[in-house]
Every structure is written in C-alpha cells, then in structure tokens.
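The transmembrane segment annotation in TrEMBL covers 13-31, 43-60, 66-84, 96-121, 133-154, 166-187, 199-221, 263-296, 327-345. Under the heading domain 'Cation/H+ exchanger transmembrane', TrEMBL lists 26-219.
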Amino acid sequence: MPFLPYEEPGIEVILSLTSFILLLNITRYILDRLLYCGIIGQILIGIIWGLPVGGTSWLTEGYQETIQALGYLGLIGLVFEGGLSTDLKQLRKAAYISISVATVGLLVPIAVSFLLLILPFPSSSGTMYLTPLAAFSAGASLCSTSLGTTFAILSSANMQHTRVGVILVGAAMMDDVVGLVMVNIVTTLGSGGMGGWPIARPIVASFGLLLVSLGLGAYFLKPIWLYLVKCSQSETVANVPTGGKSDIKETAFKQFRRIPGLGFLFSTLVLIAFVTIASFIDASVLFAAFIAGGIVNYLWDVGSRSIEEEPRSNPAQVMYEEYYKPIMDFILVPFFFVSIFELRFTSTIQYRVSKSREYW
C-alpha cells in the first residue's frame, strides 16, 4: 500500500520558509506605512524568491505550488471579507455608477487595442499588422479587474467604507464576471466555434446565483438564523422538569450553545457552499465568495437587531477579525500576492510570440 513517509525538513527549508514569511510581512508593513504599496513589495519578493529569478534555489517547485494553492484560499477569504464589510445599501445606491465605471473599464482597453490595428509591427518575415481577433484578445486580457487586489488596496487605504470604495468594489465585481465571459469568447473564436451558450453561461450563472441568493437569504436562511439566535438567547427554566419533548429540546440547545466558534462554523459553511456551487455551474468563484460574505453580513445584522435595536459594531466583521484575520493577514493573503512566482516569463513570452504569429 502506498504511503507518504514523514521526513523532517532540513534547516535550509526551515530558514527559507521562515525568512520568506517574515520578509513578506515586514516589507508590506514598511511600504504600507511609507507609500501604501505593500502589495508591490510582496509581488517583487515573489519574483525574486520564485521561479522567475530565484528558480528553485530557495523554495522548491513543490513548495511554490503549495504556496500558490494556499494563496488562492487567501484570495477567496479576501473577497469574502469584502462581502462582510461592504455596506450593501450603499452598494445598491451606487449600482448605476458602478455599472458605468465597469463599462468604461471594459470598453476602453478593447478600443485602444483595436486602434493598434493601424500600426505596423516588424517581424522576421517583414512588416505585419494585427488581426481583429488578436486585438480583441489583447483588449479582453486587460479588461478584467483583480477583485482581490482591489479589496486589499482599499483596505490598506481605509477606503472600503467610503462611497468611492463601494463604487470600485461594485465595478470590480462586474469586471470579474465579464472577464470570464471574455475568456470564453476568445476561446470560442480562437477554436472557430460560434456557440452562444458557452459564452453566455458564466454571466447567466453568476447573476442567477445572485438572484437565487437574494431569495434564499430573505425567505429561507433568515428565519432559520433568527430561530437559532432566539434559542441561543433564551434561558432555560431552572428546576422545572417537564419530562417531555421540551426537555430534550432545551438540552439539545444547551449543548448547541456550548459549541465553540459556532458563528465562524456557520459562516465558513456558507462560504464553502457558495464557492462549490459556483464552481459546478461555471459561475465566478470570487463573485460567489462576495455573495456569501454579503449573505453572512445580512444574517448577522438581522440576528443582532433582534437582540438589540442598534448594534454597536458589525458582528460579522467582529467574527472575521477574531477567527479569520490573523491567518489571513500574515499567511494566506501574502501568499496570494507572491504567487506571481508561478509565472514562467520565458515560456509565457514564447507562447505569446507563437500565438501572435498565428494571428498575423
């Protein structure tokens, strides 16, 4: 039977990993304090420590792939935090402006790419001109906004609760969904296909998930959550044994209230459910993570208002800071921004050149 033997990592691996994690956090702290650009420092460290420059001298390729996978968990958690902290009422009010910003961010790169059609490009076989498909592919690759980077920058500048921050969040979410559509369009056109459903499926699935979530949160999850909150706040009548089902019910809820981190558990299950559903229906996983954060934020808010008229703080945000924030801020999110070291510049450039020759 195959098995994985436990081998103690060498001192080189221990020193490489610890120095890597420490340098990531120290660099981001210093650059955020001075220039608000700690993310840039982490990306540069990823390039130096990883395959683009350092190769496998400090971190083996297996470790780098593991860091990349953990970094994607950090990206999902970062977008989930965005859903928890975003004021949904303010986001709804700024919807039209967000759509306008997203539209500009979508059309301008494509328009600029098509302007390049009039410019000649030298090649080994003479002067060549780009085809419309090549121009559209270049514009499509530039129209998608990094949702995780947007949240990270807004958070570092304390702008996530401002009107500008909410508008940018809405625009970034729309661009993330449209980016999936653009990828399908380029893939379909490049293979010579003209199918409409494969192109439209991501946007239909993403916004269909949003509409279902709105009804699910208001009419299914909300009553269940309020019932659990009510039961967790109710006091058991002491020394009044009834001997019936109510005794069993009270005992069950008494044990239920003793489960540590119950809110964290439910919130994480909601996140996992939405991300899994989005993956199966070809919707945007990050958009689903944001929706999950919004649903959890909504449920925590209605639950706290059922106890006190005006909550003193955002309970969902308090839960995030208690359970998620330490590992997110110091491990997972830095791993996401350094995962650029999985990009092999030489092979990428060779691939782009070969593909551009096909387009010409």
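The backbone N, Cα and C atoms fix where each Cβ goes, glycine too.
Highest Cβ pair count under 8 Å relative to the transmembrane segment (199-221), across stretches 96-121, 133-154, 263-296: 263-296. Tertiary proximity for the transmembrane segment (96-121) is limited to same-chain residues at least six positions away from its ends with a CB under 8 Å from its CB atoms, namely 127-130, 132, 135-136, 138-140, 142-143, 145, 166-172, 174-175, 178, 360. A Cβ distance under 8 Å defines the sequence-distant neighbours of the transmembrane segment (66-84), meaning residues of its chain 6+ beyond its ends; these are 59, 147-148, 151-152, 155, 160, 169, 271, 275, 285-286, 289-297, 314, 316-317, 320, 324, 328, 331-339, 342. Remote same-chain partners of the transmembrane segment (133-154), defined as residues 6 or more beyond its termini with a Cβ less than 8 Å from a stretch Cβ, comprise 36, 39, 74-75, 78-79, 81-82, 105-107, 109-114, 116-117, 160, 165, 168-169, 171-173, 175-176, 178-179, 182-183, 185-186, 189-190, 286-287, 290, 333, 336-337, 356, 359-360.
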